[in-house]
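Before any comments, here is the structure.
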Amino acid sequence: MHQSSIKRSLGVELTKSIKQSRVLLVGAGGIGCELLKNLVLTGFGEIHIIDLDTIDLSNLNRQFLFRHEHIKKPKALVAKEVAHRFQPGAKLEAYHANITDSQFNVDWFGSFNIVFNALDNLAARRHVNAQCLAAGVPLVESGTTGFNGQVQVVEKGKTECYDCNEKEAPKSFAICTIRSNPTEPIHCIVWAKSYLIPELFGQSEDNPAELDTTEDADNANEIEELRKEAKALSEIRSSMGSSDFARKVFENVFRDDIERLREVEDMWKVRAKPDVLDFDNLQEESASVKSTVSIDDQRVWTLAEAFYVFKDSADRLARRLMEMSKTSPGDAPIITFDKDDVDTLDFVTATANLRAISFHLEPKSKFDTKQMAGNIIPAIATTNAMTASLCVLQAFKVLQGNLANAKMVFLERSGARAINSYSLNPPKPDCAVCSFAQVRVSFDPEHATLGDLVGLLREELGYSGEFSIRNDYRLIYDVEESQLSSKLSDKGITNWASLTVVDDDDVDKDPRVNLQLIISARTEPSSEESKPVVLQGSIPDIPRKPKTAPVPPAEDVPITNGTSVTGKRKREGQDEDGDEPMTNGHVTKKAAGESSKSNGGELIILDDDDEGPILLDD
Ligand SMILES: Nc1ncnc2c1ncn2[C@@H]1O[C@H](COP(=O)(O)OP(=O)(O)OP(=O)(O)O)[C@@H](O)[C@H]1O
Ligand SMILES: [Zn+2]
């Protein structure tokens, strides 16, 4: 958009603050490329871009700033160079670096008006969240998976932070589901990939990550059964190389095992018993299957085809393993599942489908199996583009100081609307990440000890009871600590370290909220009388932890734990269809031809050729 149209749409005031803003963009991947283009074209005054990665062939389909000739070059630098061409007057700065590096300290974060996260991992997101809270800089957090997208505005003391809500643990499946009672195709795929392949060709794992091995009552019997079967399979394993190998595997898992399960009558009251598969029948039926069938990855194979691929891939893997033992005798060779290793993918697709058919579940194509087994959710350029635009719309509210109208926005396909937005919740009072007080402390790296720091907390900040000090990685001090004379630098505390003091006193003693200590190395030379650890600024008033969490205002839709993208969260009040009650957020369309109203305030008009302008009045 031309600058004068922007001024007309957004108003003089907002256009001016956009121009004067210094913003940081963390991540120049799928969302980052789109966002950078938006920021540059909207006229943001100064944009700093950071990304630790280099460009890969697989990025080119959606990270549109990158071309073939850029492969292996740093994303941040290329993104800067290419985006600069859109707006030659733009002031851009690029860093090919990790955002968690200590050079990007709190003061550096504090030099920006807004930070945008366009990251792909929890650790970096958490880090930026914490730094923005410490620096008091607003953060626009975003993420996408497939067709889903999410944008969240975070401002210390005013909104929930990224960590106010617990994040969902990676998905794992109960052993009994995988082993005995698969009810979805994914259960068969996980069985093939995380159980059968390791047992036959790899190292039998006691605790594969995808299996929940907690020994509760339900699982205990299964674990016992599993051990018995593992033994049978390891005997089969020793027949590898003989012409019987595939038959032995097949008869173990698709005949004997299924027969055993069919006898557990209780299991089949509400669903059909699994079918026993017959090796000889299928051998006959598969005689006419083309030897190239496994190349056909889009079409779901028939039972006979799956059988053919099973036998063929089992033989390929067995030959490979024997070859490997010959070339490196002594080491026990193993083959593990890799979605890009065709032999293992063929084996997983074929065995998962044989199992799916046996349990009356839907078999999957090799292509789908690859996505599911590799936990791949394809990135979708359109979702990234829409999410990046929503980030900019939210940034406008932040710049206008209009947080009351800023929103948590979700893009989704399942609900009635593609875009849903919700008022921002106030910070969770018991969130250890954002409910904190903060002090700055300078220290003399050569002399300061843990005792000096603990002394400062006791004497100047009034900590009398039990408390502990930790950093992101470990405990530095607690009441049992005896090494008070160790130097802080020996404890890994360097310039710009951030430590958290946790008041461990009982609730009845009215413990303080967490205290964040930002520690910087002293710049002026130490004199004889200067203390090794010195509080900067005045003594802060550290609030007490709330006893019970206050109820959020009634008009807000509470946002709690669940599934989504930036933090894998789901909203309370959302029913199974994904239709949630809407409160404030809504998207309305303005009749085509109506003129755009520019009040420099809350209305944002987007031009849409087909439908007329779209008014986002959120
Ligand atoms: N700690 C970090 N510091 C700087 N940049 C980071 C950090 N962690 C992740 N990133 C960057 O964030 C970007 C996230 O983009 P995106 O989700 O599109 O991932 P991708 O790796 O480019 O693509 P995909 O994972 O889908 O193949 C990546 O370019 C990645 O290098
Ligand atoms: Zn929080």
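The backbone N, Cα and C atoms fix where each Cβ goes, and this holds for glycine too.
Copied over from TrEMBL, here are the features:
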type     : residues                        : note
DOMAIN   : 8-431                           : domain 'THIF-type NAD/FAD binding fold'
BINDING  : 27-32, D51, 59-62, K75, 120-125 : ATP binding site
ACT_SITE : C176                            : active site, glycyl thioester intermediate
DOMAIN   : 311-370                         : domain 'Ubiquitin-activating enzyme SCCH'
DOMAIN   : 443-519                         : domain 'Ubiquitin/SUMO-activating enzyme ubiquitin-like'
REGION   : 523-618                         : region 'Disordered'
COMPBIAS : 605-618                         : compositional bias 'Acidic residues'
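The number of other Cβ atoms within 10 Å of the Cβ belonging to G30 (ATP binding site), over all protein chains shown, comes to 25. Residue with the densest Cβ environment among the recorded positions A123, C176: C176, by other Cβ atoms within 10 Å. Counting every protein chain shown, 16 other Cβ atoms lie within 10 Å of the Cβ of D120 (ATP binding site). Residues from the recorded positions list (D51, N61, D120, A123, C176) with a C-beta closer than 6 Å to any atom of ligand 1: D51, D120. All protein chains considered, the CB of D51 (ATP binding site) has 28 other CB atoms within 10 Å. Counting in whole angstrom, A123 (ATP binding site) lies 32 from the residue listed as 'active site, glycyl thioester intermediate' by their C-alpha atoms. Across the structure, G30 (ATP binding site) and the residue listed as 'active site, glycyl thioester intermediate' are spaced 38 Å apart at their Cα atoms. Cα of D120 (ATP binding site) to Cα of the residue listed as 'active site, glycyl thioester intermediate': a distance of 32 Å.
Following the DSSP three-state reduction, the secondary structure of G27 (ATP binding site) is coil. Using a 10 Å radius centred on the Cβ of N61 (ATP binding site) and all shown protein chains, the other Cβ atoms total 12.
With DSSP classes pooled into helix, strand and coil, the tally for the domain 'Ubiquitin-activating enzyme SCCH' (311-370) is 39 helix, 0 strand, 21 coil.
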